[in-house]
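Visitor: Got a structure for you, questions after.
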C-alpha cells in the first residue's frame, strides 16, 4: 500500500452530497470514496460502483457447507462407524437435513462476514486511516484522490463551489496496517468546542 | 407525467377469460357425465372441484392477507400497485360462493370424499373426533370463514377507495386514517389466523384423511397458497405494466415481489420438510400412512411418487435456483415465468393433497382436471379485470404513496 494525497470535502446533508458526487464524476476527478454515517440508498449507483459480488461468494461458501457436511455425515454413518438409531437406515437423509442446513448457513454467513471485512479492510487490531472522525457521527465525507496531474487548490475550490462545508488536504495511507495510529497524529486537533451550559 | 388512471379491458383479454371460463363450464358438464355418478359415487368429480375451488379461493384470499399484513407492518412500498392486489381479492366473492356450493355438496350429497361422514361401527378414532368432525360444525365454520373473508375484505377495499375523491386534509387525518386501516387489517388477520392458519384446512382438506392428522397442515396450506398468491399478484402487475398502465410501478417493486416468491417458496419447503421429517422419525403407522400413498414404500404401489417429487422440484428447487440472483428478480420475463411455474406447482401440491388420499392406487390426472382449473383461472381473470375498471389504478391520496413511488431496493 502506498501513501497518497487526498482532497477531502465534508458535507452536512445527503441531498447536496448526491449532486456533488454527480458533479465530481462529470468533472473527471478521481473519486476515492464517500464516507457516510449511515447507508444511503442509491449512493453506490450515483458513484458508479459495480454491483457487489459478495452474494456469489456467499453462494459458493454455502455450496461448500452443504457438500462437505453431507459427505462427512455419509462417511461417518455408513462407512466409518455405522450404528443403528431406532431402526432407521444408515443413510438417514431426512435426519441429516437440519444439520446440513445449519452448516450451510454457518459457512455462508461466516464466510461472507470474513470476505466483507477483507473487502472493507476492517479487522480487530488492524488500523485504517480516518479522513474525518465525524463521518461516523453526522458528516458526509467525500474523498478525492490526487493524481500527478491534479491541481489540488483547484479541487479544493471546486469542492467548495459544489457545497462542501469544510475542505482540507491529507496525505494518507490507503490500505490497512497492523499496529497503531501514528503517535504524532493528533486526532482531535482544532476540533475542541466549548460546551455552553 | 400523464398517467392512465383507468383500466380498459382489452378485447383479447376479454375473449381469453371468456374462453377459459367456457372451457371450465364445459369440463364440469363433461366431467359430471363421465364421473359425476357411478362406481365412485361421483367422488372423482367432486374431488376435482374441491381441489380447484379451495385452491383458487385461498390463493385469491392471500392477496387480501398480503394487503392486511403490509398494512399492519406500515409497509409503504406496495401502495403503487395496491389496487391490483385489491382487485384480485375481489375474486374471493365469486370463488367463495362456488367453494361454498362445492363444500356443501361434499357434505350433504356425500360423494364419499369425506369418509368421516359415515364412520364404520366401532371406529374409535372417528368417534373420538366426532365433536369436531360433524356436519354442523363443518357447515357453520365454512359459512363463517368465507362470509367473514368477504365482509372484512370488502371493508378493507372500501377504506382504500374512500380517499379517491376526498384527499386527506392534514397529517393528523392521515394518522387517523392509517390507524383505522390498522384496526380493520388486524381484525382480518385474526380471522385469517383462525381460518387459513388453523381450522379451515383441517376441515376442507385434512379431514379427507380423517384418521390421520398433522398440526402443521394448515401452515403448510397457508404457505402454499400465499406463495401462489404473490405469484398471481406479480403476473397481474407485469401484465398491466406491459399494457402501459401502472406508470409508477417499476422493477424495484417487481424485485420485492420476487423476493416474496423466493422467500415463501423456501418457507413452504421448510414446512413440507418439518411435517415430513417428524412423521418419518416417529415412524408411527397412523401417521406414516399419509406418506405411504405419496412416496414409494414397500407396501404401496407409489403411483404418486413421480408427481410428488416433480411438484417438490418445481416448488423448491426451481425458485431457489432461478430466483436467487438479484438480476432475475428484476427481470420481468423470469419473474413471470417463475410465477406461472409456482402457481402450477402449488396447484399440483393441492392435487396430491386431495387425490393421493382418495385414489391412492393410480394417478387420475387428465384433461378434466386441467379444464376445471382453466375455468377458475378464467374466472379470476374476469373478476379481477372487472374490479380493476371500477377504481383508479393508483391510490393517489394514500398517505404512503410517495414512499411507494420512490421505493428503492
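Cβ atoms here come from the backbone N, Cα and C positions, even for glycine.
When I checked TrEMBL for this same protein, it listed these features:
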type	residues	note
TRANSMEM	B:16-35	transmembrane segment
TRANSMEM	B:55-75	transmembrane segment
TRANSMEM	B:87-111	transmembrane segment
TRANSMEM	B:131-152	transmembrane segment
TRANSMEM	B:183-205	transmembrane segment
TRANSMEM	B:217-240	transmembrane segment
TRANSMEM	B:260-282	transmembrane segment
TRANSMEM	B:302-324	transmembrane segment
TRANSMEM	B:331-348	transmembrane segment
TRANSMEM	B:368-388	transmembrane segment
Visitor: Is the transmembrane segment (B:131-152) packed against any residues at least 6 beyond its ends, judged by a Cβ distance under 8 Å, and which are they?
Guide: 57, 61, 64, 92-93, 96-97, 99-100, 103-104, 107-108, 114, 116-117, 184, 187-188, 191-192, 195, 199-200, 203-204, 207, 210
Visitor: So are the transmembrane segment (B:302-324) and the transmembrane segment (B:331-348) touching or not, going by 3+ C-beta pairs under 8 A with a sequence gap of 6 or more?
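Guide: Taking Cβ pairs at least 6 residues apart, the transmembrane segment (B:331-348) and the transmembrane segment (B:302-324) are in contact, with 3 or more under 8 Å.
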Visitor: Cβ under 8 Å, sequence separation of at least 6 from the ends of the transmembrane segment (B:217-240): give me the contacting residues as numbers and ranges.
Guide: 7, 55, 58-63, 65-66, 81, 84-85, 87-88, 196-202, 205-206, 246, 249, 253-254, 257-258, 260-261, 264-265, 267-268, 271-272, 275, 332, 335-336, 338-340, 342-343, 346-347, 349-350, 353, 380, 384, 388, 393
Visitor: Given the transmembrane segment (B:368-388), which of the listed stretches B:16-35, B:55-75, B:87-111, B:331-348 has the most Cβ pairs that are under 8 Å apart from it?
Guide: B:16-35
Visitor: Do at least three C-beta pairs under 8 angstroms join the transmembrane segment (B:55-75) to the transmembrane segment (B:16-35), pairs 6 or more apart in sequence?
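Guide: These two segments do not touch.
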Visitor: By Cβ distance under 8 Å, which residues at least 6 away from the ends of the transmembrane segment (B:16-35) in the same chain are close to it?
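Guide: Tertiary neighbours of the transmembrane segment (B:16-35) are 42-45, 48-49, 367-368, 370-379, 381-382, 385.
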